[in-house]
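According to Swiss-Prot, the coiled coil annotation covers 73-167, on the basis of sequence analysis. Feature annotation from Swiss-Prot assigns domain 'Fibrinogen C-terminal' to 206-438; the stated evidence is sequence analysis. Taken from Swiss-Prot, the feature N-linked glycosylation site covers N25, N179, N237, N265, N338, and the record attributes it to sequence analysis. Swiss-Prot lists 102-128 with the feature region 'Disordered'. According to Swiss-Prot, the feature signal peptide maps to 1-15, an assignment based on sequence analysis.
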Amino acid sequence: MKLANWCWLSSTVLATYGFLVVANNETEEIKDEAAQNACRVRLESRGRCEEEGECPYQVNLPPLTIQLPKQFSRIEEVFKEVQNLKEIVNSLKKTCQDCKLQADDSRDPGRNGLLLPGTGAPGETGDNRVRELEGEVNKLSSDLKNAKEEIDVLQGRLEKLNLVNMNNIEQYVDSKVANLTFVVNSLDGKCSSKCPRQEQIQSLPVQQHLIYKDCSEYYTIGKRSSELYRVTPEPRNSSFEVFCDMETMAGGWTVLQARVDGSTNFTRTWQDYKVGFGNLRREFWLGNDKIHLLTKSKDMILRIDLEDFNGIKLYALYDHFYVANEFLKYRLHIGNYNGTAGDALRFSKHYNHDLKFFTTPDRDNDRYPSGNCGLYYSSGWWFDACLSANLNGKYYHQKYRGVRNGIFWGTWPGISEAQPGGYKSSFKEVKMMIRPKHFKP
């Protein structure tokens, strides 16, 4: 596998992965054309290829060095196979069309004022030619069908390989970023003056400061009030406040998002969704960086509570919930569904929010090729192309018309049915919250 550098790789192989590496804002805003053509990120070989064709590679992303799986070299082979098959299919289609035209001309030799060679009128020779052409068409149609089936098989293998490698890269990058953060924080915390002597250290009073990673740990020590608490999911990062639900389903829930009255605008930028916004006691989005730390520290489950203006209350429960870091565009991972509201996050093959990147009106990471779902639906969310769920949509106090840019849950009873006057249903309250999977109240 001949790869010059990461610049070439990002436009070919990683395009088959279904994701693009997010660079930092400074890189994205470089205006100098020469600087844009320069690529500091390099893909390098780590050794000789094995007999099976598996070659070890590494990506140098200063200050990171990422060791890629050996299977990475097979991506290009599969990609080329798919491209070759597509060319064959196109060629077969053209041949089929030519054969059909010839067959039509043979059936009606006088249609264009022409006769078959050596004949003055249709006869046995023409009939034989028609049968031959029909046989060729049938054979080509069969070949075309087989080629399409082979393409489907290769695409399935490619998607499976992409998913395995994506998960491996996510875990590796997460660990590297965490280590770098720890090093930076350690350097920042070094004292400018001389360190105290050993006897001075021993004489200092011992101060105990307990760290709680999430609301479930507060529940474990006896806290029962639904209130604001300070958590530290990862000691190497700063602590922050969260709202804890200590009542729903035995309590211990860390609330990630709440909608209750429309007091907070959710049409926000990438930066806003990154750090969080709103009032933790009313309406808010906790922040993608914080959600990442919370879901990284423990295996979490997700509960979504919804209530419409008719007083109907339903919920959705997912037995796994994880959000990747910003480098991987806050990619969503959800587990199996249970509940009463329906599985809108995995509605169908074309509307599946699992494993999708986060999109905002100013940052398009969705799978819709003709535009930005975040801009069209006025919110930040894990859009597919585009949605079967969007809990960050606009808050409407009643049914509304026009674009379905309000809070939406596609499996809600009657929500997809035609409403008189073209009105669309809205939601009164929504809440997203997480808790450790093995939590025992």
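Including glycine, each Cβ sits where the backbone N, Cα and C put it.
Fair warning: this is a prediction, and the values are worked out from it, not measured in the lab.
Distribution of Swiss-Prot features across the structure.
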| residue | record | DSSP class |
| --- | --- | --- |
| N237 | N-linked glycosylation site | coil |
| N265 | N-linked glycosylation site | coil |
| N338 | N-linked glycosylation site | strand |
To the nearest whole angstrom, state the Cα distance for the pair N265 (N-linked glycosylation site) and N237 (N-linked glycosylation site).
28
Taking the Cβ of N237 (N-linked glycosylation site) as the centre, count every other Cβ atom within 10 Å, in any protein chain shown.
15
Rounded to a whole angstrom, what is the C-alpha distance between N237 (N-linked glycosylation site) and N338 (N-linked glycosylation site)?
33
Please report the number of other Cβ atoms within 10 Å of the Cβ of N265 (N-linked glycosylation site).
14
Can you give me the same-chain residues 6 or more apart in sequence from N338 (N-linked glycosylation site) with a CB-CB distance under 8 Å?
A316, L317, Y318, D319
